[in-house]
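A quick write-up on the structure given underneath.
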């Protein structure tokens, strides 16, 4: 018989509602700008190679600082970091919305990433902190249900503002949402600041990790345009390798309170989850990029309708994320992640024959399979990471998982783009890229079955 669960109090429900607003804010911002780039190009008379950094710059800063944000949240209090991060996010949303040239736009957007990197691990840590321990799976389900919904409406909301008001409102809408989350959170979320933290901030660890990630992400971004043999790409890769070893040395020998503590760095169960994340994040990123491209270039969809074309994935993802919270408690992490990898691989295989599909309806089975896989994957990966390291490391665990998602997505994007560019036709390139992604999903399923543990009470 299943153990009875602790009912949620009114303050817990209100606190989770406030955090849901903040989760929506972050997740929506990753997809809402994709359809507004052409309007920004026209407004500032700039080209796509410049304005792509509206998306890339934010993701780059977010990915670089996410681990630092997670460690600071665990050290100095998640509630405090949440309010600091949200304030930064709001301020630079206003800056971006008031931009008078493309550089002010890009600067504001990139610095929103600083706020997001402080907010996100704090939000995740507080969500698991508010939820009773036996409801950890439901915490992950809640987070990813909101993410799925926000990712779904992001392109539609961005398209609506762009077509009927101005792209600037994609920035301005962040302000009331963020202020609502801050006001409600201030009233109901308890202060979790440690009374006397004796830990010291690992500045050299933060700096060396940030330089490593910056060089790696820029190299992967530039390789798409200039090729792997470019001196710029080679130089950036050398810098990233050097600073990876600098970071490892700093963490091992020079700091008593490293950015990634020894008990985390040596936890093989946690890093098996990170490997699964690295392998499966490729499918998500490639789906977001190449399905809309196929719809626009091969099926003549408009930008807004190409965003709407992803709804079968996103709606299924949101629904399955909600269900995944309960499934996790029954099946455990190992079977959940293996099932997620299976469905993601199946979706990639079904979509790999895009060259013979002449109607949108032919894509729906593959997109539904991807939606199921993503809905099982995202809540499970976050919950498994957090519960593996324990409550005191919750924000750091969430941040590290997200860092691996960013790195895996960047590597996958560079790899997929290279494969697509080498093909004679877009559909042929997508076919090959998605087939490779399916193989990576198969590898992730093997890692899940062999090494991942946690979740169900009966799982060893």
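All positions are counted from 1 along the displayed chain.
Cβ from N, Cα, C; glycine included.
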Practice problem: Have a look at 15-38, 399-422 and point to the one annotated transmembrane segment in TrEMBL. | Solution: 399-422
Practice problem: For the transmembrane segment (270-291), could you work out the same-chain residues 6 or more beyond its ends whose Cβ comes under 8 Å from its Cβ atoms? | Solution: 31, 264, 309-310, 313, 333, 337, 340-341, 344-345, 347-348, 351, 363, 367, 370, 373-374, 377, 381, 384-385, 388-389, 397, 400-401, 404-409, 411-413, 415-416, 420, 430, 433-434, 437, 440-441, 443-444, 447-448, 451-452
Exercise. Examine the transmembrane segment (335-354) against the transmembrane segment (50-69) and state whether at least 3 Cβ pairs sit under 8 A, considering only residue pairs 6 or more apart.
Key: no
Quiz prompt | Cβ pairs under 8 Å between the transmembrane segment (50-69) and the transmembrane segment (201-220), at least three | solution = yes
Quiz item: In the predicted model, what is the mean pLDDT computed over the domain 'Major facilitator superfamily (MFS) profile' (15-456)?
Solution: 85
Self-check item: Long-range environment of the transmembrane segment (399-422) - Cβ separation under 8 angstroms, sequence gap at least 6
Solution: 59, 62-63, 66-71, 120-121, 213, 216-217, 220-221, 223-224, 228, 260, 264, 270, 273-274, 277-286, 289-290, 381-382, 385, 429-430, 432-433, 436-437, 440
